[in-house]
């Protein structure tokens with residue numbers, strides 16, 4: 001379960017009054033996405049640890065499963081980052097953080113971070129608290145990484161991006177699944193022209209999980225439900241590959257007894273360039289389908305299973321401990337490319353979640369762009385809002401808002 005977060009609940013953001021808007025030279029970077037492992041190798045950002053700037057002191061706000069399992073090992077493994085603090089008001093989680101990462105400070109509120117020399121923070125608390133905490137962090141002069149969902153609505157997402165622009169703050173969203181092995185493999189096939197002109201992209205995340213207490217069982221107004229849990233990844237990947245959405249038709253269902261929000265979703269997204277994406281996720285899907293199916297006029301690509309990096313982290317591994325084994329898929333997990341010449345296995349690209357935080361550190365130090373432009377998070381939220389409206393009305397809903405940045 002996610003950490004309940006410091007400093008209260010999900011109340012609306014109240015800006016700090018009467019304080020300086022000079023934030024220690026931290027700048028907001030846009031537009032470049034280091035999604036190519038070759039161009040976004042950790043060496044680019046990490047080189048500064050020996051030859052240039054000191055590692056960027058970073059904090060983690062929240063130490064539930066998301067913070068402890070999925071962020072802390074990546075922060076601790078990034079030479080360009082000094083994992084300096086954990087923000088949580090839970091005494092048990094403070095103790096756990098100190099045991100997991102000796103030397104890391106634990107504090108109950110964001111407001112204590114500047115005195116520790118911290119320059120940035122990752123917000124990985126329950127979804128309904130994300131924007132309030134991110135606004136507060138920006139007002140403290142901190143660079144901010146927001147876990148998904150970036151915000152509960154597109155309007156709230158746009159407000160947060162505007163706040164960062166106004167104060168000159170570094171802001172990004174943790175869309176680590178842009179660096180999944182299978183997605184990087186799809187990107188390589190598209191770049192090589194192996195599929196020709198793509199007309200349909202099917203992406204699905206099938207899980208089989210009982211209802212559990214916690215934010216995942218909360219209603220949509222608190223960020224519960226599959227649309228805001230898995231939807232941000234599915235939509236971001238589709239927009240990242242094929243560009244802005246023109247329209248959305250969606251079906252949102254609740255199939256598990258006791259679930260407080262939708263747990264079975266299907267989104268039909270028409271992209272402006274004509275590609276049709278079918279995005280599927282469910283929490284009661286015992287018989288899993290393929291992860292990706294991509295069809296073009298020259299061939300198709302099919303891959304099953306799930307990127308290995310998630311399981312490596314759950315098993316206690318990290319980029320530092322696993323070294324060259326990090327993110328490497330075995331041949332049994334490779335996908336298949338089918339063309340007029342037949343079918344053949346396609347070696348999977350190495351998964352590279354480990355490039356995210358070095359890229360963030362480079363952005364904070366003025367040496368590069370944030371790894372994911374926050375405007376992309378607004379575009380994703382607009383699609384999710386349209387999906388909810390479509391499911392409510394039973395109609396196709398146009399998407400006319402923010403273009404994804406890249």
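Cβ atoms here come from the backbone N, Cα and C positions, even for glycine.
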Tell me which range among 1-20, 61-80 TrEMBL lists as region 'Disordered'.
1-20
Can you count helix, strand and coil residues in the domain 'GFO/IDH/MocA-like oxidoreductase' (184-300) using DSSP?
31 helix, 41 strand, 45 coil
Going by DSSP assignments with H, G and I as helix and E and B as strand, what are the residue counts for the domain 'Gfo/Idh/MocA-like oxidoreductase N-terminal' (58-174)?
56 helix, 27 strand, 34 coil
